[in-house]
Amino acid sequence: MIAVFAAVMAVSDLVAGKYGDDEIIGTNEKAAAYMWYQSKSVKETLVEGEKSLLESLKQAGALKPGTEKAIDNHLVTLQKRILRYKKEKNEILRGSQTVGQDNWVQDINGELGKIIGAQEMESHLATLSVAGDRFDMSSLFFQLCLVLGAMSLILKKESLQNVFFAGMCILGMVGTGISLWAYLGVA
């Protein structure tokens, strides 16, 4: 019976390790998404500054006569870029599925609708974190189970052997249950 619980513990630790790796990768991807979002914010701010400067020059009458039409056209272009940056930031932050197909503007390798948003990643990471905590708890129960199992083997008094064996079985089943709970919480 000890070998069975040791094997279940090994499988549980293997799955927990995979989820732990996924959590690390997801954290890196989330950080990259926020950096991407920040770069779009910087670009948007630069375009807004250019637009504001041109509008100020226009209002002050500091533009060369005859350039108003070209400046107005450029201001319209700048406003379109600002709106595009806002949409791109929204898609990067919330994800393609959340913003809906009408708001897809950011592509990955030429394909629209593939953005996994930073907020979506946060939600998935929270799930992985909870699963990791549950796997840690199951590992604790498995380790205690194995200790009780070892104790049941070395004790000479049969009544104590039975108590420790029963404790081993109970803790092993609790560890198995928590491990399944962790797995099903993510799957």
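Note: Cβ is positioned from N, Cα and C throughout, glycine not excepted.
Record features (TrEMBL):
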type: TRANSMEM; residues: 137-155; note: transmembrane segment
type: TRANSMEM; residues: 162-184; note: transmembrane segment
- Message: Let me spell it out: take the transmembrane segment (137-155), skip the flanking residues so only those 6+ beyond its ends count, and list any with a Cβ under 8 Å from a Cβ in it.
- Response: 1-2, 5-6, 8-9, 12-13, 16, 161-162, 164-165, 167-169, 171-172, 174-179, 182
- Which residues, given as numbers and ranges, are at least 6 beyond the ends of the transmembrane segment (162-184) yet have a Cβ under 8 Å from it? 1-2, 4-5, 8-9, 12, 15-16, 19, 130-132, 134-135, 137-142, 144-146, 148-149, 151-152, 155
